[in-house]
Each structure stands twice: as C-alpha cells, then as structure tokens.
Amino acid sequence: MKRPRPTSQPSISSTVKPPLSPPVTPILKQKLHRTGTPKWFPLKLTHTELTLPLTFPTGQTFRWKKTGAIQYSGTIGPHLVSLRQRPGDDAVSYCVHCSTSPKSAELALLDFLNAEISLAELWSDFSKKDPRFGELARHLRGARVLRQDPLECLIQFLCSSNNNIARITKMVDFVSSLGLHLGDIDGFEFHQFPSLDRLSRVSEEEFRKAGFGYRAKYITGTVNALQAKPGGGNEWLLSLRKVELQEAVAALCTLPGVGPKVAACIALFSLDQHSAIPVDTHVWQIATNYLLPDLAGAKLTPKLHGRVAEAFVSKYGEYAGWAQTLLFIAELPAQKTLLQSFSQPINKLDESAEVNETSCDTLKP
C-alpha cells in the first residue's frame, strides 16, 4: 500500500551539547505553539487497533519514552505529543504539547501510526492462513507497525548494528539532542530530529567521542552519501516508498553500514514496504523450525536471506512484515509470561498446534 507523504515540515537546527561544535542560529519558518495544561483528545484508534506497550517499546523506534502508567511521548517532525490508554477506555487519547499546528499534529500522528491500515482486517486474514497466529493475536492485539520518517529510521538502525536496546537508545538520544528542543515531559527531553544539514556538521571523531564506536563512520558516511544525491537525500529516501521492495533494499544497501537486515527494517518501518522481513540468526532459527524445516541445521548465508523472506510472504502475503512484527513481540520476555499461560505450549509446536512462535529479532536482547 503506497500513499503520498504529507507536506514535509521545515528542518530546524538547535543548540548542541559539548563536545560537539555549535550550530548556526536556528531559523524557524513556522511558529511553535506550546500548551500549558495538557488537553487530551480521543484518537481515531481503539485499543484493539493500537496497544501502546505492544507498539513503542518493541524495537521499531528508540525515540519514544514511557511517561506514564500506559503513556508514551515522542516527537513527529515539529510536534511533541503524548499517547495514553486508561483502563476501561476503549479509545486511545492523545495530547499535543508543542506544535506548529494542533491539527497538523493530529494528522502527522495518524500518519505515523499507519492509521489507515486496519489491524482487525489484517489479523483476520493472517488467522485464516495460520490458526496459530490467530491465538497469538487474540492475546496480543493492537501491535502496529509504525510509519516513521525515513531519515530518522535510517539513523536509528545504523545505531542498532550489533548493539543492545539500552545502548541504542543512548546513541539515538544523543543524535536527537542535535535538533530543536521542543519540551520536557516526566524528566525526559524531547527534540525534533536533526536535519541532514545539521548532521553533516558533526564529524566522525565527535561521534566516536560520544561513544558510537565504528558506527560513527557509518553515520557520517551515510549522511555525506545522502547529501550527494541529486535532488537531496530526503527526497531520495522518500522516493523508495514508490518502488518495489527489492529495489528499495538494494538502494539502501549502497549506503555505508546498511546491510540486508538493516535495510529491511528501514523498509518496513518507514518506506511502506509491508512485506519486508528483517532476517538475522534468530529469525533464521524460527524459520527453519516452522517454515523451512528442510533447511534445519544449515548455516544462514546471504543467499538464504531471500528464501526466509519468501517463506514469510508465502505464508502471510503482502503484509507479511506486520505478521512478523507481532510474532517478534510474542518473543519478548514481557509477553512470554502471558503466552506461557496458554493451554498449548509455546515452544516446539507441530503443524497441528494452535499457537506459533516466530521472531523478527532485529536487535540483541
């Protein structure tokens, strides 16, 4: 499903914390409006279409923070927003803390959440194809795939290489701090993601001093490569929403530090490539257990990445990436406790079992 991107918001630079070099004075093309007492409004998504703990802390994005019992806050362009769910409330609520326009913030939020895609319809389709998926979905409703800004998603997953979630989050927080400060919530600072121009003024050495290690050269190399693209790097990334998955992945893999797995993550979480399947050793193990038993015991090679992705697409169709996202979430420790209460065991299920366990583990736990 390919959709046009809403009109882009202006890039805004900001003050940078030492030891990074100071940016130029930011120029705001639109006035930011900050609210006083938070006002909450119902979002056009029920809890069965969006469950916050099954969407945000699951490895899709590392820029959203838990700021309440069931509340998450983050930025989308120049908009600082919060989402919350309360026991007994069917609808998810949202609050705009800072924005160029409250109406624009709502539209940007719905776009970010892929709100036009019905989980109920997808889950019904997947369950018909795989009854075991239906059992998982019954317990893990509301796990959505996000539609992030491609540059933001790309930089985040460059930080994810051979890394753990805590360290990735620290790196992403550092990159985010290069953008305009939009506000503080529950002790967390929130910034608009920095522009390509702002990122280009940070050297590899400065990223290394900030603890990025070898990833520093990938970030600076990718930023330079994007800036050299005819028409601009942001436009080039957005153009990958309009091409076939193979072409998008191949294009992303020309960037420093981007391999097939990272490219698939970026494609799935920001480029409308809903059939993208990030493949690593964890996904390989699950695939050989349940989808490709003839390859059990074989070593994962670049050539076999395609076979794994094809197996998921063959099973679940053009939105296979959404199915794999839920199956990955089922692997998270917080969810395993719930799933172990099922009448059917989770591990080593045969073809007649009603519950399946599959992983889209793009990160080290």
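Glycine is treated like the rest: Cβ placed from N, Cα and C.
Taken from Swiss-Prot as is:
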| type | residues | note |
| --- | --- | --- |
| REGION | 1-24 | region 'Disordered' |
| COMPBIAS | 1-16 | compositional bias 'Polar residues' |
| BINDING | N162, R167, R215, H282 | DNA binding site |
| ACT_SITE | K261 | active site, schiff-base intermediate with DNA |
| BINDING | P278, D280, Q324, F328 | 8-oxoguanine binding site |
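For K261 (active site, schiff-base intermediate with DNA), other Cβ atoms within 10 Å of its Cβ number 21. Within 10 Å of the Cα of D280 (8-oxoguanine binding site), not one of the binding-site residues from the list N162, R167, R215 places its own Cα. For F328 (8-oxoguanine binding site), the nearest neighbour among the recorded positions N162, R167, R215, K261, H282, judged by Cα separation, is H282.
In the three-state DSSP scheme, K261 (active site, schiff-base intermediate with DNA) is classed as helix. Among the recorded positions listed here, namely K261, P278, Q324, K261 has its C-alpha nearest to that of N162 (DNA binding site). Between the listed binding-site residues, namely R167, H282, the fewest other CB atoms within 10 angstroms of a CB are found at R167. Among the recorded positions R167, R215, K261, the ones whose Cα sits within 10 Å of the Cα of P278 (8-oxoguanine binding site) are K261. Under 8 Å, Cβ to Cβ, and six or more positions away along its own chain, R215 (DNA binding site) finds L158, C159, S161, N163, M171, F207, G257. Between the alpha carbons (Cα) of H282 (DNA binding site) and the residue listed as 'active site, schiff-base intermediate with DNA' lies a span of roughly 12 Å. Cα spacing between the residue listed as 'active site, schiff-base intermediate with DNA' and Q324 (8-oxoguanine binding site): 14 Å, rounded to the nearest whole number. Between the C-alpha atoms of R167 (DNA binding site) and Q324 (8-oxoguanine binding site), the distance comes to 24 Å.
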